[in-house]
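Now, the feature entries from TrEMBL:
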TRANSMEM  12-31  transmembrane segment
TRANSMEM  37-58  transmembrane segment
TRANSMEM  63-81  transmembrane segment
TRANSMEM  87-108  transmembrane segment
TRANSMEM  115-134  transmembrane segment
TRANSMEM  140-162  transmembrane segment
TRANSMEM  169-185  transmembrane segment
TRANSMEM  191-208  transmembrane segment
Amino acid sequence: MNLDIKSISYEAFKILGPVLIWFFFAGIPVHQYVSNINLLTLIGFAVFYSFIISQMFVAKPNLLIVLVVDIVAILLLIKLVSSLELFNTILIIIGLVLAHALMFTDLIDEPHCAWIIYSLISGTGVVFALMIASNHFISIIDLVTLTLLIFMNALFAFPLFLRQPHWPFTLAIAIIAIIFAINIIPSAMRIVGFIVLTGLFLFLQFSIKSNKYQQKADIATALSLLCAIVLFA
């Protein structure tokens, strides 16, 4: 059997890229994952959750694979229920339900609505759960971090939903994301790096033709991950 390593690596990046972003946003030291089984289980759940989210952008998702992933994700979530707050569990379940609604139904077929929903469900429940599992409480800074994640999702996800975005609105989202970052990141160098990467993202989205959908989406994923690394690594 000949394996297409390049294709496999690309698909793995599309799934693991968001997981790494959520990992950095959670801000939990690596050594805590080794000693906390709930954190390890959450990271495992995050991989399957990211796969489910990624299927939103597949024209015809493989129903069997999605079903198997759903079963594993649900089993992991059941294992985690006792260690998660009820609100957090409901938040994750809502994310799963909305992701499947976007995948398999026409209930949400307006691109702007799908964009907003994706921004809200892509990783917020997972990051919230990681914070709870690690600290057993949520601080104001954690809430601002979650809000920053939502705005970064909105900023970097628009190429996935809108071929011709409203640029003033997109620029406003970028400015809001920068303001939130300034409020929680004490390092001027990190903020400057975030601003430069955000500006590069907007420049490339302006420059690349609208029909280069996959190229724009890949750039968005890569720069989103770089922003998370610059801000939180």
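Keep in mind that glycine also has a Cβ here, set from the backbone N, Cα and C atoms.
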Please determine whether the transmembrane segment (12-31) and the transmembrane segment (140-162) are in contact (criterion: at least three Cβ-Cβ distances under 8 Å, sequence separation 6 or more).
yes
Looking only at residues six or more beyond either end of the transmembrane segment (63-81), which have a C-beta under 8 A from one in the stretch?
38, 41-42, 44-45, 48-49, 51-52, 55, 89, 92-93, 96, 103, 129
Which one of these stretches, 37-58, 115-134, 191-208, has the most C-beta pairs shorter than 8 Å to the transmembrane segment (87-108)?
115-134
Against which stretches of its own chain does the transmembrane segment (191-208) lie, if we need a Cβ under 8 Å and a gap of at least six residues from its ends?
155-156, 158-159, 165, 167, 170-171, 174, 177-178, 181-182, 185, 215-216, 219-220, 223, 226-227, 230-231
Under 8 Å between C-beta atoms and at least six residues away from its ends: which parts of the chain pack against the transmembrane segment (115-134)?
18, 21-23, 25-28, 32, 36, 38-39, 42-43, 45-46, 49-50, 53, 56, 80, 83-85, 88, 91-92, 94-95, 98-99, 102, 108, 142, 145-146, 149-151, 153-154, 157-158, 160-162
